[in-house]
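S.K.: Okay, here's the structure, questions in a sec.
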């Protein structure tokens, strides 16, 4: 073989080998580079995920702390008390239902001990909202005077009076730690509009000040008076009151909104109780959620040209059907002696209607 031919073939062989090595080196270099990049991106993704998770946890914690207004979300320590022991085999009431199917207590006389409850709720402030718009301002004096005798006695109370007539809010003597806060609002031509806009006003002021000032809100009608003890036994994250006209009735008799077009619609095969629009409440965050939801539902109805049969009360019943209250108040807490005959099971009447001419009051 010619040496030149040998060396020529040998050179070509080595050049091919070197080129192949270079190609493989470049390929693996790119692979290692990609692996490194993937590792960096995965690490960054994990870091980002960790940061997002930490931020979400922090926001959740902050939200929880905002919602849990001081003592409303914790079990308080109770000081030493002397009281009769509850008897497991001797229920305090056997003539009425005292527990809902979702384990919410129904509050009747004889089912609670005020001394224990007062100790549990000793460090709270209760906000009471009441609307005295147009002629309804005439009920304020009796309302406030009887509240001072019977409502949350021994506890701090802010009476939030929504009115279009601040100058006509009466001055009455108040217990220590209690105050009347006048909130000026507009009136509306129809009483139905006043009733429905209560939800909007309560939700707005819950954001603006109630969250900072009180632990619980109790939302009441003003054309009533307190006639017996109404205390911290009613307090819970969310509570409603059995309507005195329907506490004996079945679902078919309830005057729910039955038109599917309305946001307050409740089908005839659903419903627990019929709740009164004149007495509801709970912790401030829960009342805010309730009133905001009802207001938004009423605005949706208005946009569709429909008005629920019993206005804000219809929307309240819809909300409490799908957001079960954690306490239910018996008709002791809302009664009309002039329209209803008092049954033996009502040992006490705690909050009762004041006689009035509805047409005259509502239409002026």
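The backbone N, Cα and C atoms fix where each Cβ goes, and this holds for glycine too.
The active site, nucleophile annotation in TrEMBL covers 313. Look at TrEMBL and you will find 131, 132, 133, 136, 221, 222, 223 tagged as UDP-N-acetyl-alpha-D-galactosamine binding site. The Mn(2+) binding site feature in TrEMBL is assigned to 221, 223.
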S.K.: Neighbours of the UDP-N-acetyl-alpha-D-galactosamine site 131, 132, 133, 136, 221, 222, 223: Cβ within 8 Å of the Cβ centroid, same chain, sequence order.
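M.R.: The answer, listed by sequence position, is 130, 137, 139, 140.
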S.K.: Greatest CA-CA distance (Å) over the residues 131, 132, 133, 136, 221, 222, 223 that the record ties to UDP-N-acetyl-alpha-D-galactosamine?
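M.R.: Per the listed residues, the maximum Cα distance equals 11 Å.
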S.K.: Near residue 132 (UDP-N-acetyl-alpha-D-galactosamine binding site), how many other Cβ atoms are within 10 Å of its Cβ?
M.R.: 25
S.K.: Using all protein chains in view, find how many other C-beta atoms are within 10 Å of the C-beta of residue 221 (UDP-N-acetyl-alpha-D-galactosamine binding site).
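M.R.: Taking every protein chain into account, the count is 20.
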S.K.: Please report the Cα separation of residue 131 (UDP-N-acetyl-alpha-D-galactosamine binding site) and residue 313 (active site, nucleophile) in Å, rounded to an integer.
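M.R.: Computed Cα spacing between residue 131 (UDP-N-acetyl-alpha-D-galactosamine binding site) and residue 313 (active site, nucleophile) is 15 Å.
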S.K.: How big is the Cα-to-Cα gap, in Å, between residue 132 (UDP-N-acetyl-alpha-D-galactosamine binding site) and residue 313 (active site, nucleophile)?
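M.R.: It is 18 Å, counting Cα to Cα.
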S.K.: Could you state the whole-number distance in Å separating the C-alpha atoms of residue 133 (UDP-N-acetyl-alpha-D-galactosamine binding site) and the residue listed as 'active site, nucleophile'?
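M.R.: Spelling it out, the Cα of residue 133 (UDP-N-acetyl-alpha-D-galactosamine binding site) and the Cα of the residue listed as 'active site, nucleophile' are 18 Å apart.
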